[in-house]
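Annotated in TrEMBL:
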- B:6-28: transmembrane segment (TRANSMEM)
- B:35-54: transmembrane segment (TRANSMEM)
- B:60-79: transmembrane segment (TRANSMEM)
- B:86-105: transmembrane segment (TRANSMEM)
- B:111-128: transmembrane segment (TRANSMEM)
- B:156-177: transmembrane segment (TRANSMEM)
- B:208-228: transmembrane segment (TRANSMEM)
- B:279-304: transmembrane segment (TRANSMEM)
- B:322-341: region 'Disordered' (REGION)
Amino acid sequence: ADKPTLAFVVNGASDFWKAAEAGVKKAQGEMPDYQMELKYPEQASVAVQQRLMEDLVSAGVKGVMVSAVDPKTQTDGLNKIGSQTALFTTDSDAPQTNRVAYIGSSNVDAGLQAAEIAKKAMPDGGKCIGFVGLLGADNAKERIQGMKDGLKGTRIELTDVRGDDIDQTRAKKNVEDALVASPDVTCMVGFYSYNTPRIYEALRDAGKLGQITVVGFDDDPITLGGVKEGTIAATVVQQPFEWAYQGMKLMAAYLKGDKSGVPGNGLIIIPTVIIGKDDVDKYAASLKAMSGK
Amino acid sequence: MIKKDLGLLLLIVVVGIVVAIINPRFLLPINLANTANLIGLFGILSIGQAFVIITGGIELSVGSLVALLGVLFVDFIAVQDMSWMLALPLILALGAVIGAVHGWLITRLNLQPFVVTLCGLLIYRGAARFYTADGTAGFAFGQNFPDLEFLTAGRFYGVPNTFIALVIIAVVMWVMLHRSVFGRYLYAIGKNEEAARYSGIRTGCMVMSAYVICGLLTALSAIYFAMYTRSISPASHGQFYELYAIAAAVLGGFSLRGGEGSIVGVVLGTVLLQELQNLVNLLGIPSSLNFAVMGGVILIGVLIDQQWHAIRAKRRLVSAARQTETRHSNESSLPVVANQD
Amino acid sequence: MIKKDLGLLLLIVVVGIVVAIINPRFLLPINLANTANLIGLFGILSIGQAFVIITGGIELSVGSLVALLGVLFVDFIAVQDMSWMLALPLILALGAVIGAVHGWLITRLNLQPFVVTLCGLLIYRGAARFYTADGTAGFAFGQNFPDLEFLTAGRFYGVPNTFIALVIIAVVMWVMLHRSVFGRYLYAIGKNEEAARYSGIRTGCMVMSAYVICGLLTALSAIYFAMYTRSISPASHGQFYELYAIAAAVLGGFSLRGGEGSIVGVVLGTVLLQELQNLVNLLGIPSSLNFAVMGGVILIGVLIDQQWHAIRAKRRLVSAARQTETRHSNESSLPVVANQD
Amino acid sequence: MNHSSDIPSPDALATPFLSLAGVGKTYPGVVALEGLSIDIMPGEVIGLVGENGAGKSTLMKILGGVIAPDRGTILLDGAELRFLTVESSIGSGIAFVHQELNLFENLDVAANIFLGREPLKAGPFKLVDRDRLRDMVKPLLKRVGAHFSADTPVASLSLAEQQMVEIAKALSINARLVIFDEPTSSLPMAETERLLSIIKSLKADGISVIFISHRLHEVERVADRVVVLRDGTLVGTLAKKDIGHDQMVKLMIGRVLAARTAKPQRSPGSVALKASGVRTEAYPGRPVDLEIRYGEIMGLAGLVGSGRTELARVLFGIDRSYGGAILQDGRQIAVRSARDAVARGIFLVPEDRKRNGILLDFPIAQNITLADLPKLSSRFMLSAERERAAAETQRLRLGIKAPSVSTRTGTLSGGNQQKVVLAKWLSMSPRVMIFDEPTRGIDIGAKNEIYSLMRALADAGVAILMISSDMEEVIGVSDRIAVMHEGQIAGILEEDEISQESVLLLAVGKRVK
Ligand SMILES: Nc1ncnc2c1ncn2[C@@H]1O[C@H](COP(=O)(O)OP(=O)(O)OP(=O)(O)O)[C@@H](O)[C@H]1O
Ligand SMILES: Nc1ncnc2c1ncn2[C@@H]1O[C@H](COP(=O)(O)OP(=O)(O)OP(=O)(O)O)[C@@H](O)[C@H]1O
Ligand SMILES: O[C@@H]1[C@@H](O)[C@H](O)OC[C@H]1O
Ligand SMILES: [Mg+2]
Ligand SMILES: [Mg+2]
């Protein structure tokens with residue numbers, strides 16, 4: 001019964017992590033001599049997440065892969081976990097800690113890719129407004145910064161990003177209000193997985209679908225539907241399934257003493273991908289295959 | 001009462017004018033309609049809360065219920081393929097039952113409303129998250145329910161149907177609270193439950209009804225909210241909505257001690273809160289200040305109200321004193337006359 | 001009172017034994033120390049809340065204050081390069097001042113505690129988010145404050161210093177609440193404020209002190225929390241902590257109507273809540289159920305307490321009936337004797 | 001200013017230690033006190049009487065530092081007291097037993113008595129010296145004749161016992177002046193006697209007393225001087241030799257009251273309500289048997305805590321009964337809630353008016369109609385007109401003194417508030433009416449009105465049970481008297497057996513021959 005346990009700790013409850021859950025499951029299937037689980041903190045806050053990890057360590061977990069809520073400043077807490085288990089990071093890195101490796105995307109790159117989508121869809125320039133859950137979160141900041149960098153020198157401008165604290169009602173109302181407040185807006189960016197579907201719905205309600213360029217992140221079904229329909233220009237998808245699947249296998253190997261999978265710089269970047277109209281079907285099929293549904 | 005409501009209305013209009021001057025787009029029909037829509041959603045929730053507050057109680061589980069019932073509704077029709085004509089009454093009934101359980105715990109087992117509904121707040125959110133295994137409940141792309149969508153998210157001559165629903169509900173509830181025997185009983189219970197019981201009123205039953213009404217209206221607005229966002233992450237959906245509802249009631253003149261407040265007041269309170277949210281976005285105020293603006297305005301509103309009352313009371317006192325003083329000096333000759341008798 | 005506390009202690013021990021049997025790692029020193037650390041953090045917060053609840057008030061802004069004061073503290077020492085020996089008293093003073101303002105609004109301007117602190121909840125979180133422009137306040141890599149860290153996050157013979165702090169504070173506050181004149185006044189005010197005033201107690205001053213104590217203890221725990229997480233995203237840091245604190249007090253036998261409860265009770269309430277959180281994580285219960293477990297246990301605890309009282313009252317009644325009947329039959333001869341006199 | 005003050009009193013040469021000059025207080029719409037002047041001599045017992053709302057409590061609250069006067073001066077030993085607070089008033093040696101009970105149910109008796117004046121342990125921490133506190137409380141409790149101990153929680157005391165705690169509290173202050181504002185309003189006979197002797201012993205110690213009461217006979221017995229207030233003005237002072245019931249009444253209400261011994265117009269009818277072996281929560285081991293007949297006023301007398309209120313609460317369905325049966329018109333009925341009782345025409349006028357009788361914040365009309373709303377509404381919709389009309393009828397019938405039926409009930413005087421409670425029930429054809437201390441704190445004029453109302457009801461065929469601790473009232477009003485002792489009916493006195501002595505004997509558990 002005492003199989004070594006590996007835990008995948010996410011930063012907050014969101015459908016985004018369902019793919020990672022599938023990845024954990026697949027890895028578990030291939031490695032029955034480990035116990036693998038994915039853990040959601042009750043809230044997206046440092047204190048709650050830190051407590052969860054400490055309890056897991058008490059419960060005897062051997063390896064932790066974490067999407068830290070606020071990696072920059074969680075250094076000490078993460079080091080504490082890292083000193084008692086094999087610690088890996090995912091989703092956003094914490095390079096200053098004693099973590100073994102980071103496996104995930106580069107959020108700055110993802111922002112750059114969002115800029116690519118915008119440039120392609122609006123060769124004559126335009127005015128963008130962004131929407132995001134937690135304005136203060138690292139991944140949000142990096143994506144926004146990446147996009148701004150990518151848009152430098154073009155006639156496209158990201159003028160404002162509105163936050164909603166992961167309240168979907170506010171997320172949608174923010175889009176509605178933006179349409180009123182900035183009649184000249186020509187493009188909208190949904191930085192978090194649920195922002196793009198809210199943009200899609202608000203535009204549909206306002207009869208503006210197709211008139212405003214939508215740049216998306218992640219692969220919410222509505223987002224993918226909109227891309228396929230042509231009303232969303234394209235979306236930048238991350239690969240949480242791969243993070244989890246490859247990550248768990250890597251961690252298991254590492255604990256067995258096989259450190260060959262860890263690169264010298266400790267970074268295993270699983271690139272984000274732009275999914276446009278033509279790629280949707282293939283991508284959706286692969287999602288389905290991964291989740292085993 | 002009516003004066004208080006007028007004051008609130010005035011505040012709403014003044015704020016509206018100021019915002020419209022700074023950004024005239026505030027008055028665009030589309031903006032008004034969008035805001036009216038949310039007034040509808042939150043207004044229904046707040047009226048439910050008001051019924052409980054009138055009895056001197058409180059219902060803290062509202063936000064979690066919006067999440068739980070929303071998740072169930074979406075799951076029933078989007079995943080379980082239940083007809084929405086069946087799912088809708090089912091969810092409403094569930095809301096009523098939960099309200100009844102709260103009322104039962106409070107009136108029969110004598111638990112404190114704050115405690116019961118605080119536990120509800122925790123339990124229902126947990127249940128909602130467990131139900132979706134911390135995932136999201138939402139519709140698939142292109143999944144459509146035209147009738148339901150018209151009712152919940154549609155417009156009628158440009159007026160959102162949710163707002164129309166609020167108006168209808170407000171009128172019905174106004175009659176119920178201000179013109180029916182039931183409403184009178186609720187006020188009596190809120191003012192002095194024991195005296196109400198000694199007058200032969202079935203106080204337990206009445207208080208229970210208030211919680212049932214709250215559960216019912218919360219369920220209705222949960223459905224509306226679900227159809228508005230069309231996707232629900234139970235970890236965060238509806239979080240703090242109980243505070244919105246309580247804040248609307250307090251702004252509208254309700255006392256948390258019970259026995260005070262009017263339906264017009266709570267609706268106006270909701271209008272003000274939504275106007276403020278709209279203003280933050282329209283005037284380009286940082287989103288982070290959203291809550292602070294709300295808190296600040298409630299505090300100022302309550303303070304003005306309180307000061308206004310205090311000043312009026314003081315003025316009454318001073319004028320009373322002056323009156324008696326003149327009477328006093330007029331009368332001062334009288335005893336002399338009386339003595340001469 | 002003491003019996004109630006014993007019941008709670010029993011519950012804590014039983015739950016502990018069950019968990020230890022299922023997962024013996026529960027009893028590992030490291031796990032106990034981790035849990036004790038959090039008991040320290042939340043316990044200090046809850047004792048502060050308890051002082052306010054005893055007066056019949058409530059302090060809802062606690063969670064937001066933990067965020068705001070935490071942000072300021074970290075910013076002062078990590079960014080502004082202030083000495084922590086200066087920043088610490090400064091933050092404590094700020095907490096006290098905020099408490100005093102709440103107390104002032106409540107006692108002098110007669111605003112309801114629920115309303116004042118609800119506005120506080122909204123305003124302080126907004127302020128915290130605005131201060132960091134919705135970013136995070138945290139220490140840079142390698143930024144160390146050995147003394148401060150020892151005091152706030154260190155251990156003494158394996159016992160977390162935060163827990164030691166809690167014990168010291170609890171003892172001081174116990175004396176204050178249960179043995180001093182001040183505490184007695186607070187109980188009196190919580191039960192009947194007007195009568196307390198008629199007894200010559202300066203009720204306004206006392207209630208204000210309760211809010212100041214709450215502000216002070218909240219500030220202290222805000223510093224501890226900040227040093228525990230070492231990073232603060234003001235949008236979510238400390239969210240719902242007011243509910244934790246209130247729940248601990250309610251579990252510990254406090255009545256939200258005021259005038260009831262003990263320091264031992266609130267500390268035990270905190271212990272139980274943290275034990276439950278620990279249990280959810282240790283037994284591999286889905287985290288989504290964390291809140292639900294907490295809510296369920298509070299509800300069950302309150303119910304048992306209520307039922308237990310009801311049963312005891314009934315039993316007392318039955319035994320009283322038996323006693324008086326025997327006494328009666330013994331006495332029945334007496335009047336005859338009296339008559340013969 | 002008036003004739004009686006012109007007569008020099010024997011003590012005229014002694015200097016007053018406390019004098020009030022031109023003290024006045026105005027509330028919005030009401031002049032509670034016009035400029036009032038009184039001197040208080042050391043060791044003097046002043047009886048303060050006047051109708052409800054005459055301003056007695058207002059005057060005392062000013063002395064107690066609870067409210068501030070608008071005008072006038074207060075001199076203590078010749079020095080002016082300004083900005084009197086509760087603390088400074090106590091500091092000046094003024095002790096105050098308030099009309100409304102001011103106790104803390106969550107604290108024990110000792111804590112209540114010395115609240116605000118706890119003996120402290122040495123040291124800077126203001127810790128309560130609990131042993132000393134207990135020692136200080138014991139003799140006080142003995143002095144007021146309490147049977148409960150210093151560490152009894154006040155929550156478990158009856159109203160009368162609580163009043164004893166209040167008195168002990170006043171005695172605990174090393175006072176030069178003790179103010180009793182209606183201390184006997186819920187004290188039964190024996191305890192009242194004890195209080196009167198306490199007052200005498202205070203006087204013997206040179207302590208002054210102000211004694212406010214609507215029980216004029218008590219005033220007559222202890223007062224050295226009676227001061228009469230009417231509408232906030234001092235209308236007369238009676239020197240010791242002039243003190244008499246009728247003189248006081250005449251000054252209070254401006255006329256002499258006709259004797260109020262209205263006799264029943266009819267002989268009692270059949271048994272309306274019968275308690276058969278009913279057991280109450282306070283005395284579950286003591287079954288009560290009692291019959292009340294139509295057309296009679298059955299008095300219910302007894303000592304403090306003898307269980308009368310508890311019995312009334314069971315009959316009215318507020319408390320559950322712990323055995324036995326209640327029969328109406330010979331048939332057993334189930335009274336599980338006040339609603340059941342009300343539906344059967346059994347009504348209760350409760351002891352604690354402000355808590356159980358009325359809604360202070362409601363207008364008069366809404367209080368009057370509260371129990372009868374279903375009848376005054378059509379399809380559960382209120383009819384403001386019918387409500388108003390019904391309330392107005394009752395207001396005129398009972399002579400409730402108020403500008404209109406939309407006046408807030410809380411602004412009425414005690415007597416008029418009590419009439420509002422009566423009006424609530426009278427509008428809906430009572431069969432059995434239970435009055436629990438119906439004239440508690442009510443002035444003599446209003447008292448008489450209530451007595452005649454009760455008699456009129458009985459004559460109209462209503463069965464009446466009147467619980468009262470006022471000996472005069474029980475004997476003067478009742479047709480028969482049941483006396484309770486420790487939870488049981490010790491005996492029932494028929495009309496010809498009624499006397500003060502027989503009631504007292506039964507009340508203390510002795511048998512009447
Ligand atoms: N807080 C208040 N606000 C307004 N009016 C008041 C207030 N307190 C007392 N009054 C009014 O002042 C007048 C005098 O009241 P007071 O209580 O002194 O009468 P009282 O002589 O003690 O009567 P009772 O015999 O009923 O106790 C009454 O008309 C009363 O209604
Ligand atoms: N809340 C209570 N808890 C415990 N005992 C109580 C309570 N209230 C009353 N009692 C007890 O019940 C007994 C009967 O009280 P009850 O009030 O019925 O007496 P009563 O004859 O009406 O006297 P009173 O003159 O005080 O109204 C007393 O012994 C009293 O101490
Ligand atoms: O961290 C997640 C982010 O990467 C995704 O884009 O949106 C949901 C968040 O929880
Ligand atoms: Mg009085
Ligand atoms: Mg009684």
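Note that Cβ sites are derived from N, Cα and C of the backbone, with glycine treated the same way.
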Leading stretch by Cβ pairs under 8 Å, where the reference is the transmembrane segment (B:111-128) and the options are B:6-28, B:60-79, B:156-177, B:208-228, B:279-304: B:60-79
Same-chain residue ranges lying at least 6 outside the transmembrane segment (B:156-177) that approach it to Cβ under 8 Å: 29, 33-34, 36-37, 39-41, 43-44, 47, 51, 54, 150, 183, 186, 213, 217, 220, 224, 228, 262-264, 267
Positions on the same chain near the transmembrane segment (B:6-28), where near means CB under 8 A and six or more residues out: 251-253, 265, 268-269, 271-272, 275-276, 278-279, 282-283, 301, 304-305, 308
Close approaches to the transmembrane segment (B:35-54) from elsewhere in its chain (Cβ under 8 angstroms; 6 or more beyond its ends): 62, 66, 113, 153, 159-166, 169-170, 173, 177, 186-187, 190, 210-211, 213-218, 220-221, 224-225, 228, 241-242, 244-246, 248-249, 252, 254-256, 258-261, 263, 266-267, 269-271, 273-275, 277-278
Beyond the flanks of the transmembrane segment (B:60-79) by at least 6 residues, Cβ under 8 Å: 45, 48-49, 87-88, 90-91, 94-95, 98, 102, 114, 117-125, 127-128, 131-132, 137-140, 143, 145, 148, 214-215, 218-219, 221-223, 225-226, 230-232, 234, 237-243, 245
